Amino acid sequence: MFALKFILITSFIASTALAHFTLDFPESRGFVSDIEGQFCGGFSTVGPRQPFPLGSGPVHINSHHSLATVVAFISTSSNPTSFDDFNTTSNGTIIPLASNIFQVTQGEKCFNIDLESLNVGLTNGSEVTLQIQYDGGDGDLYQCSDLVLIQGYEVPSNETCTDDASRTSNASSTSSGSATATSAAATSSSSGTSGAIKEVVGLGALSLALGIAGLIIL
């Protein structure tokens, strides 16, 4: 009986450890579960840039956890190599978060981001890298996608997002990037004290706090 319980507990822990997420649209640089906890999910080289709306555009993920916390942020560097590259533009302008910090349940989820509204000088043809940070309770995971922003670009009809998870989950922070909204839940390798702070670490603690607060989630 003890052996059976041990096997069941071990199996549960193993299955939990294997739970991850995928970035399905825009397409991720790549996915290897064992290295998803690294910067850009372990894929540090810029890939082919995909067209993406300069204005509002959809992001689709597949969550493998029963509950997880998600946030999106961007870099305007042509070759981002660290989280610092997602903090400021080349002229020192602080880059706000690209999404709210929000929660999702297991399954396919989507949310919309409006990169033009970040007011960091993005225009038609701007090249950015989108990074998604995801925490299902067993550590932060990451996925990156390299984009070229197109004014008026229409995504395929099957990729639109009408059930926006970042809005229906009563997100804890807005994309305005204010330090007040993010500092309680985030730290950074950067010493800046204003604007968005990335990487947003400690999402697990934030998930717990949001759960206790009784947020409405998808």
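Backbone N, Cα and C atoms are what each Cβ position is placed from, and that goes for glycine too.
As recorded in Swiss-Prot, the features of this protein are as follows:
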- His20, His65, Asp138: Cu(2+) binding site (BINDING)
- 167-194: compositional bias 'Low complexity' (COMPBIAS)
- Cys40-Cys144: disulfide bond (DISULFID)
- Cys110-Cys161: disulfide bond (DISULFID)
- Asn87: N-linked glycosylation site (CARBOHYD)
- Asn91: N-linked glycosylation site (CARBOHYD)
- Asn124: N-linked glycosylation site (CARBOHYD)
- Asn158: N-linked glycosylation site (CARBOHYD)
- Asn170: N-linked glycosylation site (CARBOHYD)
- Ser190: GPI-anchor amidated serine (LIPID)
- 160-194: region 'Disordered' (REGION)
- 1-19: signal peptide (SIGNAL)
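Among the binding-site residues listed (His20, His65, Asp138), His20 has its Cα nearest to the Cα of Cys144 (disulfide bond).
DSSP assigns Asp138 (Cu(2+) binding site) to coil in the three-state reduction, outside any helix or strand. Of all Cβ atoms in the shown protein chains, 12 besides its own fall within 10 Å of the Cβ of Asn124 (N-linked glycosylation site).
A Cα-Cα distance of 36 Å separates Asn91 (N-linked glycosylation site) from Asp138 (Cu(2+) binding site). Look at Cys40 (disulfide bond): DSSP puts it in a helix. In the three-state DSSP reading, Asn158 (N-linked glycosylation site) counts as helix.
Nearest to Asn158 (N-linked glycosylation site) in space, judged by Cα atoms and limited to the recorded positions His65, Cys110, Asn124, is Cys110. On the backbone, the CA of Cys40 (disulfide bond) and the CA of Asp138 (Cu(2+) binding site) stand 17 Å apart. Ranked by Cα separation from His65 (Cu(2+) binding site), the recorded positions Asn87, Cys110, Asn124, Cys161 are led by Cys110.
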